[in-house]
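Asks: Can you read through this structure? Questions will come right after.
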Amino acid sequence: MPWQSVRILVDSVQAEPLSDALMEAGALSVSLEDADAGTVDETPLFGEPDHPSAELWPHSIAVVLLEADADVAETLRAAAAQAGVAAPLDYTVETVAEQDWVRLTQSQFDPIPISARLWIVPTWHEAPDSRALNLKLDPGLAFGTGSHPTTRLCLRWLDANLRGGETLLDYGCGSGILAIAAAKLGARRVEGVDIDPQAVSASRDNAALNEVDAHFGLPGELAAGEYDVVVANILTNPLKAMAPLLAGRVRSGGSLVLSGILAEQAEDVMAVYRPWFVFDAPASDEGWVRLVGVKR
């Protein structure tokens, strides 16, 4: 059965309420794109997968998928009325041939090489190198995967620096990918915490999928103690606020690995942590940085 793809020009005020209302009105999917993409007015937005950006583009295109027999004008009118915005007038409609959407989505994600020996492999793919350390994880998970520069930066540090036998804490574990990688790289004891119970559940499932011994829970469930390595791939403001907490979890001589930080934010973050840590030069990837400090 074919579908109708409707592209609607919306502003930042309309975008989210209209998108929600369209889903309730029967849309099969709604996604937002920058209407100014590819022009001098393009607005880049940055966000880690488990902490998406709260910003919206000044002008967006809402791409709406409707069933073939849906009344487009009536659907838009009803959704706009529910959202409390003016009914959109600037839109186009095209017919989209039926496709196997699951197969199409899967075809867009290939295994991700992190280093010479470390790969992230979607569960539906064969590992390109069966001798490598292959992390089984599906791109598109709500809690983050190795497709984001901050995650890659942290994974590369773990791959280059873990020698085996370490204790490691992943603070803000999301999908558990960093903790799982640490376990595969030989860390002796690996723990992860997240404030979101669903992230904790996802991390446990992913650890089981990868057949590693890593323990996950909420922050209040974490026992007292210090670690050889603490990694936190979250965002700048939470990292700054949690400086005393994270510093207290790293043993003297141990390493703190921070990411989720834009390049222009790096100095501010290091300044907050310098009472406890001596930092290496930041490593960067696509405008994001990784900071590594050694505890005094």
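Cβ atoms here come from the backbone N, Cα and C positions, even for glycine.
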Asks: Given Swiss-Prot annotates Thr151, Gly172, Asn233 as S-adenosyl-L-methionine-binding, which of Asp129, Asp194, Asp213 belongs to that site as well?
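Replies: Record check against Swiss-Prot: S-adenosyl-L-methionine site with Thr151, Gly172, Asn233, extra candidate from Asp129, Asp194, Asp213 is Asp194.
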Asks: Let me know the largest Cα to Cα distance in Å among the S-adenosyl-L-methionine-binding residues Thr151, Gly172, Asp194, Asn233, as an integer.
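Replies: Comparing all Cα pairs, the maximum is 16 Å.
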Asks: Starting from the Cβ of Gly172 (S-adenosyl-L-methionine binding site), draw a 10 Å sphere and report how many other Cβ atoms land inside it.
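Replies: A 10 Å sphere around the Cβ of Gly172 (S-adenosyl-L-methionine binding site) contains 27 other Cβ atoms.
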